[in-house]
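Here is the structure we will look at.
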Amino acid sequence: MEFSSRTRQKHLRLAGDRRELYPHSLQFYLEPPTESIALAEFESFAVDRLRLLKVVENLGVSYVRNTDSYKSKLESELRKLKFPYRALAEDDYEARRKDHISHFILRLAYCQSEDLRRWFLQQEMDLFRYRFNQLTDSLMQKFLEHVNLTFEAVSEDLKTELANELWTSTPGLSLPKVKEQMFYKVGLADAVDLFRTRRVFIKDGFAYVPFKEIDAIVLNNYRTKLSKALALTARSLPSIQSDERLQPLLNHLSHSYVGPDYSVQKNTGKISLAQIDALSVKSFPLCMRQLHRALRDNHHLRHGGRMQYGLFLKGIGLTLEQALEFWKKEFIRGKVDADKFDKGYAYSIRHNYGKEGKRTDYTPYSCMKIIMSNPPSQGDYHGCPFRHSDPELLKQKLQSYKIPPSGITQILELVKGMHYQLACQKYFELTHEVDDIGFSLNHPNQYFTESQRLLSGGREPKKELSSSGNSQQKNNSQESMNSNSTPISSNTTADTELEGLEAYFTED
């Protein structure tokens with residue numbers, strides 16, 4: 001007998017059929033689904049989860065995570081798209097089934113390259129963090145048992161003995177709260193995020209983690225498992241690529257939601273080399289402004305800097321010929337003569353433009369790639385200044401760029417909370433004198449494009465008030481933006497992309 005969706009759901013709830021598949025509203029997605037589903041349902045699940053992950057991405061760079069506004073926006077989207085949003089909804093079988101299947105569909109689509117895997121991993125981590133923190137203490141404990149994450153509880157005697165150490169080493173806990181809180185002994189490998197940010201007490205190779213911080217341990221475990229799973233899925237791609245129904249669909253999905261890669265620019269060749277110095281001051285993000293200044297001062301950049309800055313310049317419109325001229329003129333002002341440049345450096349520039357080697361047309365680095373990979377070492381200037389610079393050096397740099405003291409304080413607070421893209425958005429607002437940038441910043445070339453649009457009159461700037469009251473209001477607004485400040489341009493882009501996806505899926 002066949003059932004409609006509503007009848008089927010009621011039938012499963014009453015009979016408890018296959019309920020053991022999803023004993024908890026949250027999971028690590030360790031086992032792939034084995035049931036057969038219709039292609040139409042496959043497509044519907046994929047589009048809905050992509051829509052959700054795009055919302056997660058936009059909220060992550062527009063709001064401080066775990067604020068009330070962030071939580072309410074994300075819960076609204078989960079509810080609307082019928083994904084589990086309340087752990088207490090224990091009977092919502094269909095939502096759990098959709099959550100399970102849609103994750104694995106996108107895992108197939110987003111395992112195909114390093115950039116895709118990085119994007120998917122970040123959004124799934126943010127989604128998981130929100131959902132885990134919505135659990136009650138008893139449900140958290142139940143989930144930890146479900147995924148076999150069992151840690152040794154610290155005895156009351158030992159906790160009393162170490163009370164002062166636990167209090168001084170654990171931010172946010174008073175001495176009475178320490179005595180009330182359950183602590184666990186966790187291996188250092190599992191608690192790396194906590195001791196790196198000095199949020200736990202460490203003794204004899206163990207981190208003493210309070211129950212309120214256990215989410216960091218769970219997230220680290222989930223990240224490890226999902227990273228390995230994505231790599232294994234990528235190895236299985238040849239068998240999927242032979243399916244003529246699925247491969248075009250998966251390719252279309254993977255190209256729809258990572259955002260523009262800025263590999264092809266309409267303004268190619270329209271920017272002259274003489275303009276770059278002025279543009280670096282008014283329209284470059286801080287990471288590229290730093291690289292440009294270092295290049296002008298030292299007449300050289302190491303490989304990481306040349307890759308990051310060279311691909312950015314390519315993205316804003318420099319042709320191959322202009323790039324060769326730009327780098328050669330600067331390098332020969334230093335210790336590199338023309339012959340050495342032609343033999344040692346010109347090849348890599350042509351390579352970036354797809355004219356050498358495998359003829360790959362390389363794309364400019366996104367914020368996520370810059371933040372999460374290849375950190376700079378001594379003598380390097382690449383990376384994200386908000387992520388990789390010492391706070392005091394960052395403060396000095398911002399002062400030299402005439403950023404007002406109140407603005408510097410706001411930026412440093414965001415950096416302290418590890419909200420690096422929000423810090424860059426604040427830098428944009430301060431250097432362009434706008435109250436709200438109106439978009440979610442996730443790419444240096446997006447920063448340049450939006451800056452040029454604003455400076456050319458494409459958007460109306462809203463001047464910040466100079467009163468101290470408004471300064472305080474601006475400082476607080478980053479912590480809790482009201483619901484009317486959702487970025488307009490990014491939402492419009494997402495809606496346009498969705499229309500394209502749905503049109504693709506409904507084609508004959």
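Note: Cβ is positioned from N, Cα and C throughout, glycine not excepted.
What TrEMBL lists as [4Fe-4S] cluster binding site is Cys287, Cys367, Cys384, Cys424. Take the CB of Cys424 ([4Fe-4S] cluster binding site) and look out to 10 A: across all protein chains shown you find 28 other CB atoms.
Marked as compositional bias 'Low complexity' by TrEMBL: 466-493.
Positions annotated as compositional bias 'Acidic residues' by TrEMBL: 496-508.
If you look up TrEMBL, you'll see 278-448 marked as domain 'DNA primase large subunit C-terminal'.
TrEMBL lists 454-508 with the feature region 'Disordered'.
Residue density at Cys367 ([4Fe-4S] cluster binding site): 22 other Cβ atoms are found within 10 A of its Cβ, drawing on all protein chains shown. Taking a C-beta cut-off of under 8 Å and a sequence gap of six or more, Cys384 ([4Fe-4S] cluster binding site) has these contacts in its own chain: Cys287, Cys367, Ile370, Ile371, Tyr420, Cys424. When averaged over the domain 'DNA primase large subunit C-terminal' (278-448), pLDDT in the model lands at 93. For Cys287 ([4Fe-4S] cluster binding site), the number of other Cβ atoms no farther than 10 Å from its own Cβ, over all displayed protein chains, is 27.
Listed in sequence order, the residues Pro285, Leu286, Ile370, Ile371, Pro385, Phe386, Arg387, Tyr420, Gln421, Pro444 complete the 8 Å Cβ shell around the [4Fe-4S] cluster site centroid, once Cys287, Cys367, Cys384, Cys424 themselves are left out.
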